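To start, the structure under review is shown below, and the notes come after it.
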Amino acid sequence: MATVDSVSLFTGLGLSEQKARETLKNTALSAQLREAATQAQQTLGSTIDKATGTLLYGLASRLRDPRRLSFLVSYIANKKIHTEPQLSAALEYVRSHPLDPIDTVDFEQECGVGIMVTPEQIEEAVEVAINRHRPQLLAERYRFNMGLLMGEARAMLKWADGKMIKHEVDMQVLHLLGPKTETDLEKKPKVAKARLEETDRKTAKDVVENGETAGQTLSLMEQLRGEALKFHKPGENYKTPGYVTTPHTMDLLKQHLEITGGQIRTRFPPEPNGILHIGHAKAINFNFGYAKANNGICFLRFDDTNPEKEEAKFFTAICDMVAWLGYTPYKVTYASDYFDQLYAWAIELIHRGQAYVCHQRGEELKGHNPLPSPWRDRPVEESLLLFEAMRKGKFAEGEATLRMKLVMEDGKMDPVAYRVKYTPHHRTGDTWCIYPTYDYTHCLCDSIEHITHSLCTKEFQARRSSYFWLCNALDVYCPVQWEYGRLNLHYAVVSKRKILQLVAAGAVRDWDDPRLFTLTALQRRGFPPEAINNFCARVGVTVAQTTMEPHLLEACVRDVLNDTAPRAMAVLEPLQVVITNFPAVKSLDIQVPNFPADETKGFHQVPFGSIVFIERTDFKEEPEPGYKRLAWGQPAGLRHTGYVIELQHVIKGPSGCVESLEVTCRRADAGEKPKSFIHWVSQPLTCEIRLYERLFQHKNPEDPAEVPGGFLSDLNPASLQVVEAALVDCSVALAKPFDKFQFERLGYFSVDPDSSQGQLVFNRTVTLREDPGKV
């Protein structure tokens, strides 16, 4: 009955029923929230509106000194504190003024009590911010960093409600720019590019140096630099909402600053049990980028605490992908570097009565409300002896674990710190038969490396309490954990287990199959690292999980390749054309610009002889209305040659299929201009071309509601088409794996590692923006 009453009370504050029930799992939070709501109801004498309820929940979840609860509730209930900025200021004030009595005059001044920000003031502040950035906003449109506008408006109106500012920014931007168009999602604005050229910020090609793209108007670096993110300054961890302090905190922070010199320190901590995917690209850009943007350092730390799943190839691939994206770690470290220290701290934790050896099996610990361990209160000396026995291999796997005494945000009680595993470790061999868990290892490794900002995806928010608790329980430096939203893509699966199922089913070749969204697969398909970094910059650093359409990533790829991939000509379905009046005895050498829009980038030479090959689709005996390419009575130009060909004879085989054409040619300037110019090859190389489409047919292949049969039933049978005898001009003869080209009128292509001497293999990276059949 009490649970029902509490759920009713919490939903009355505006919480969903699910959120209310989750809150009840946290005993301390639910008790404080219940008390806050009860006091507020007594003051108001009526129901609590949602805005007040939200503030009360924020107060209960962030207040660390219960003595101040009544004081702050009275301000909220009486509408003296009515915005999130005021609440944050109030919590900071009581944290930094622990002694009684509170100076109410000073408190109210510091918290903006009595200050009312009107809608007119918000409108005016947003208008000022927009006018300051109007030229850039008009040029970049919806790719402009709107957070900059909100930040400047907030700076002018410290106590304004953030949601009202965001709403006003959205309305004024919509009024200025109009609704979003397809161009806003895909196409790079020409005006922005022109401005970059004028200011010498764009060179002949985009350059990535530690993730910073020279040609990107609004790079990730700019989003992460300075005050763009409201992160704490090094040494000011205690100012972070929810950070738990102890009597030792200030001394530990002082020692931390002496070691780091006030430098930003981050880390990218992958598990070496799989290949990195597109979501990891955001994490890499965020961790390395935030450090670089603020003159800090970033560690690459392998979380190698699960020897059963770790393989040497994954360590190598992860290092390669970090480097491929343009980043250099300050240092490569391993959780196993610290196994001795972690073990010593585990013993100390037992000595302090904060950990115990437990014999519950794994299945008994599952779920949100498992029974408390019957061994939770066993004597310290007994746990010490048993933990040593675990260390010496006297227990089988699953027979004993070391557990920490705490309750996490999600209600999980006493998470495991150590478990028994008899699998040899790739670095330490058989030295250990007990291994620490993520919940135990992560925060302590951060502490050892003096990380200032532990940047994690949102699912780790439920572990924040254990993060702070463990560092404080051992009286060691405690970093701050910040969470951000994951990046996902539609039409994709990225989980290691499911990719292995795809490989086992023969749906893909391996982790680097170009239809996947692992980073090795994107590299093999020909995606430039600059494009992936630019995509992460466009997505931005969001708190909410983001699921993007693949075509937005492909648009970033086109933007980069358009400026960096030299042109060549290839024919997928060759049709032989014999020029009966070819104007020379032997073939001519044709100079073809590498980049037709900028001939200063050079030329390459291709032969032009009396026999050429064109795309079969570039000729029709009976063309439909609007068809502009080669047909009876309709000449077509040959690109770059200066010649126009006109049909004379069609040669067919026994089955009636067109086998070749006979044409005559004339100079393009010797008559009427043709309706089209088609690509061609002469004296070509034979190559294999692989054309890729989406691997899955539905946006969310893992969603049972969308794909009841499971993701393996959603495979696109046309996701790979292999053209085994395509023809390509000889300018690409010396191309190496991962070299990239634009095959005119066909798309962007990259040389696959399967290529061998005399037999090139190309992967289609992305199509051109235009319809491939359109001239």
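Cβ atoms are placed via backbone N, Cα and C, with glycine included.
Because TrEMBL annotations are produced automatically, they should be read as predictions rather than curated entries.
Annotated in TrEMBL:
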DOMAIN    6-162  domain 'Glutaminyl-tRNA synthetase class Ib non-specific RNA-binding'
DOMAIN    165-254  domain 'Glutaminyl-tRNA synthetase class Ib non-specific RNA-binding'
DOMAIN    263-562  domain 'Glutamyl/glutaminyl-tRNA synthetase class Ib catalytic'
DOMAIN    565-664  domain 'Glutamyl/glutaminyl-tRNA synthetase class Ib anti-codon binding'
DOMAIN    677-752  domain 'tRNA synthetases class I (E and Q) anti-codon binding'
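Residue counts for the domain 'Glutamyl/glutaminyl-tRNA synthetase class Ib anti-codon binding' (565-664) under DSSP, helix first, then strand, then coil, are 6 helix, 52 strand, 42 coil.
The predicted model assigns the domain 'Glutamyl/glutaminyl-tRNA synthetase class Ib catalytic' (263-562) a mean pLDDT of 92. Across the domain 'tRNA synthetases class I (E and Q) anti-codon binding' (677-752), DSSP classifies residues as 7 helix, 31 strand, 38 coil.
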